[in-house]
């Protein structure tokens with residue numbers, strides 16, 4: 001009440017925005033006579049002039065009136081269409097990074113060309129995002145003549161596109177594509193092994209068509225890239241025969257002919273020299289290793305991992321202690337609680353090794369390698385805007401989540417559609433019969449076309465069956481074949497047309513009263529001018545007949561949970577001032593009525609003693625349904641907002657990893673990185689044997705020497721150093737060992753040569769980063785699955801999630817460093833041929849990725865995780881918890897005085 005009173009005095013925010021924008025429109029219109037007088041060549045030459053002015057420091061806002069006037073004049077000459085003033089307002093809205101709500105049929109596609117043209121002048125690229133490939137291709141081809149006349153390049157991206165073609169499309173001034181493809185390309189770009197393989201050149205400015213569908217309905221849809229599950233079952237089965245031929249060494253330090261020694265504390269195994277030789281011979285006999293080839297050559301490290309997993313499976317993991325067999329599957333037993341953990345799987349190939357040991361079918365892993373949500377992807381753009389026919393009902397969410405204001409653009413002509421009250425029936429059968437009867441009544445009265453919107457395919461089939469029984473010809477759409485869908489929707493305004501469509505089908509294509517004569521002309525082979533004149537004359541007659549019959553009739557077979565979806569269906573009729581009628585038919589059995597409409601409405605209808613074919617029509621009922629829809633919308637918004645808090649944690653970690661990956665790819669040499677890794681790993685390793693601030697009696701020097709020998713392949717006389725220099729403390733020891741290890745690494749590096757060493761370093765760093773990031777994603781999923789239970793312990797699940805996620809992230813960084821240092825220390829110096837083979841393997845690995853597109857349940861905090869879960873036990877060391885700072889250049893919260901990227905955020 002108060003809000004409407006204030007709005008009446010001062011005007012609403014939307015009215016104030018429109019008033020401001022109309023002044024800019026006046027400036028554009030004032031330029032029209034001058035711009036119209038330009039020749040085609042002079043008009044086209046305006047684009048390089050604008051680009052030069054922009055490069056000289058003039059802002060796009062300053063260029064806007066003249067650029068819009070040029071774009072409008074070019075559209076008039078090339079496309080035969082002139083932008084209305086309301087379309088200019090829409091273009092200003094898009095340029096300012098807002099959402100333009102424009103009614104169906106008001107020309108959103110043409111409106112978008114204004115903001116595209118202006119923002120393309122910066123040279124940073126504009127992305128136009130649509131809901132399907134057909135619309136992307138259609139809009140790109142429709143606008144291509146205009147943009148090419150103005151000297152701008154245009155590209156389209158789609159799935160399974162040739163890499164060179166896709167790269168060229170991204171280099172174009174304006175790039176069209178679907179939300180899925182843009183999102184997948186972002187993920188793929190962060191899995192490449194050289195900067196030259198990247199396709200996207202930055203996320204500068206995006207215009208999202210049907211923005212409500214993408215940013216609200218699909219907000220939590222995860223884009224997932226998963227590794228094609230390589231069928232390694234034969235490898236696990238073959239290597240499973242090796243462990244029974246081996247025996248453990250009883251003591252780590254005493255060579256007694258054993259093939260490996262067991263570290264039960266760390267649940268790891270290390271092979272002895274005899275073990276290496278034995279395993280190599282076995283692998284050669286199996287044909288898995290070439291004669292004379294080393295197990296520790298760079299290209300064979302995967303075999304080392306397989307053998308290690310097989311030995312661990314046989315000697316460290318016992319049936320009915322660490323796992324049980326149930327229905328032919330290995331189920332992990334939690335060692336702390338004794339409970340089984342269905343759905344969880346050990347990582348690093350251990351689970352498959354246990355399956356091979358038990359003679360079970362080896363389950364391939366289709367692991368998530370990269371994932372993001374549309375919510376997080378689109379928030380990466382420097383400037384984001386969108387257009388739709390229905391966004392005002394979700395304006396609060398658009399503002400809070402994405403920082404986007406919604407501006408309602410007035411219609412070019414007044415809206416005269418007749419939106420009638422809902423009719424409510426006792427049951428679905430009564431409702432469907434009433435719909436069929438209404439269709440027959442409309443057909444008897446004239447030639448008005450009818451569009452029936454359904455919420456489900458099942459409802460479409462029921463109505464289609466009843467229409468067939470009544471002998472009424474009709475079309476059915478289910479939003480699967482986009483091109484056919486658009487064609488049928490385009491003709492859905494023809495006289496006597498009856499079309500059944502799911503509520504979302506055919507979005508982006510206008511329903512023209514009388515049908516679309518241009519689409520009919522395009523289907524003819526070699527059409528003549530006579531054909532064109534005939535079809536146009538026929539359309540003019542059909543158009544007039546449909547107008548006289550009251551325009552398009554919309555019949556909704558039920559209400560959706562969201563008012564916005566209902567408004568989309570209604571918005572099919574009444575385009576550009578055309579007449580039209582809309583009405584929803586409901587029943588007490590509809591989900592929304594059954595769950596949300598309230599007992600009062602249901603009780604009232606039952607008390608009236610209505611029969612199946614009788615309906616109630618009252619504003620109170622319609623209001624009650626709208627109130628129910630508002631409650632559902634508010635609940636869904638709260639769920640999305642709450643889940644976004646958790647997603648934001650993952651998103652920050654993703655940005656750090658991807659940024660680090662780009663830095664690695666951009667560096668010519670990683671020597672400085674790798675040497676720093678050596679120092680950090682040495683510090684952590686030494687701390688395991690020489691605890692900080694401990695006395696000499698607590699030092700396990702022998703254990704440290706063995707660890708250096710086994711993990712890094714380096715013999716250091718640590719005990720001798722201590723005996724020679726009694727003043728050598730813990731800090732001095734760390735420095736001396738680090739210097740020795742790095743000196744040895746530099747020696748090996750010199751033997752390889754700078755170029756080969758740089759390639760090997762990049763190979764191991766990227767491989768380790770990608771492998772552990774994949775495992776980290778699974779661990780984060782598992783953490784999230786049960787985090788809500790912390791609420792029962794009077795803890796804040798959100799804070800607990802942030803704390804645990806940070807610990808997991810820091811631990812992952814530590815494991816990556818350890819892996820890189822260990823692999824680089826133990827790998828045999830590769831030949832140029834082996835390096836080339838490694839590079840080829842990397843490329844094969846990149847090409848073996850497959851895409852998987854899934855919907856995530858919005859209530860994902862309590863739902864089961866369908867992906868295989870990775871063990872969280874890989875890094876059990878307690879870590880101090882610090883919050884992740886907003887910027888990687890901010891001081892690290894640990895208090896070290898270093899930047900975060902050089903401290904806890906460093907790889």
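Using N, Cα and C of the backbone, Cβ positions are placed for all residues, glycine too.
Positions annotated as ATP binding site by Swiss-Prot: 87, 105, 106, 107, 108, 109, 510. In the three-state DSSP reading, residue 109 (ATP binding site) counts as helix.
According to Swiss-Prot, the feature Zn(2+) binding site maps to 892, 894, 903, 904, an assignment based on sequence analysis.
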Close in space, distant in sequence - residue 106 (ATP binding site), Cβ under 8 Å, 6 or more apart: 86, 87, 409, 411, 412, 575, 576
Cα-Cα distance maximum in Å, computed over every pair in 87, 105, 106, 107, 108, 109, 510 that the record assigns to ATP: 16
Remaining residues near the recorded ATP site, that is with C-beta within 8 Å of the centroid of the site residues 87, 105, 106, 107, 108, 109, 510: 102, 104, 110, 111
Collapsed DSSP category at residue 87 (ATP binding site): helix
Candidate with the highest Cβ count within 10 Å, taken from the binding-site residues 87, 109: 87
Those binding-site residues listed as 105, 108, 510, and which of them has the most Cβ atoms within 10 Å of its own Cβ: 108
For residue 107 (ATP binding site): intrachain residues, at least 6 apart, with Cβ closer than 8 Å: 81, 83, 84, 87
